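Just below is one structure, and these are the notes that go with it.
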Amino acid sequence: MNVHEYQAKQIFAEYGVPTPKGIMAESVDAAVEAAKELGGPIWVVKAQIHAGGRGLGGGVKLAKSLDEVRELADEILGMTLVTHQTGPEGKLVQKLYIEDGADIKDEFYLSVILDRKLEMPLIMASTEGGMNIEDVAENTPEKIITVPVDPTIGFQGFHGRELAFGLGITDKAEQKNIITFAQKLYKLYMDKDAEMIEINPLVRTGSGEFLALDGKMGFDNSALYRQPEIAAMRDLSEEDPDEVEAAKYGLSYVALDGEIGCMVNGAGLAMGTMDTINHMGGTPANFLDVGGSANAETVAKGFEIILKNPNVKAIFVNIFGGIVRCDRIANGIIEATKITDVHVPVIVRLDGTNAPEAAEILKNANISNLIVAEDLGDGAAKAVAAAKGEI
């Protein structure tokens, strides 16, 4: 789960992570009132969407008067902001963050993420603040500093010193400031079950202080039950409506840009299914994991969500029946076709408990667009052929 910048900075404040003062606004008048309350004389008007690259997209602008605040708020609020992370469709700006201007001497990049290879949190930093970190990693990887932190000992002084030296911070007082800053950020990361904290840019002021000029946070969905105050920050309007709808039925759905809809139980099998479709010359239209609940209702909802995509020309159902028997899944698929109008070929591969009986049930159902596959390769090949109109 992601949160807006203004929400991330509220959490930063709880842990004493310094940020400029700011106020969220949902209207032009509220933006002007926020600027008055902050006092100025310089403000930054920021679009609030769940995506990076807002500045380059025209969603972050400087105002030097209240009239400019009004003008920029009117321009940004309600716009569809397109960035390298939103895709060409962009995101509608419904909230603004009005923030005090800052005295910027230098800009850095700082983040805390989970390194899955090292199996521990990783502090990542760079002197190239304000830039797309992916571009820095590709073009000048030597400018990225990585400091792994073993969670059994936590963030220690030597971690902070390694970070400070790597960023070229030599002044003793400034070294102390950046170490304290990183220490607070790491504690926040651990306490709140965060998956990612990113500050870009982290700025050094003329007085040697460090401020989080931006703030992005992502959280582990599986841990939200013990972070109710974080869960309450969820903004469903920023999420894909089909993904939200799928989650209500216990389905994990991610839209892709192919032509073959996929319905699979288990994330690993789902990824393997998509790889096999690609190997056979097709392109998956989605990732859809029905988990262990492949009954008529969930399968019908899965069909409904998949078929919202007008590009889908075939559906490949690939289920391994372990706890749930294949014959029950087969009956569920047949019932689902009665609930939802499935107007494209559906290729079904079932394996596991009672798989032979399931195949007979499907064949005897006499549903013209239901095709039974022998195995994964056969199913993927038939799905690709069906999408091309060859079967």
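Even glycines carry a Cβ here, placed using N, Cα and C.
Remember, it's a predicted structure, so these values are computed and weren't measured experimentally.
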Next item on the list: Let me know which member of ASN200, ASN221, ASN265 Swiss-Prot also records as binding substrate at the site of GLY322, ILE323, VAL324.
Entry: ASN265
Check: Of all the binding-site residues given, GLU99, GLU107, ASP214, which residue's CB has the most CB neighbours within 10 A?
Finding: GLU99
Note to self: Quiz question: given the binding-site residues LYS46, ARG54, which has the greatest number of C-beta atoms lying within 10 angstroms of its own C-beta?
What the structure shows: LYS46
Notebook entry, point to check: What's the CA to CA span in angstrom from ASN265 (substrate binding site) over to ALA102 (ATP binding site)?
Noted result: 50
Check: Can you count the other CB atoms that lie within 10 A of the CB of VAL324 (substrate binding site)?
Finding: 21
Checklist line | For VAL324 (substrate binding site), the one of LYS46, ARG54, GLU99, GLU107 that lies nearest, given that the binding-site residues are compared by Cα | finding: ARG54
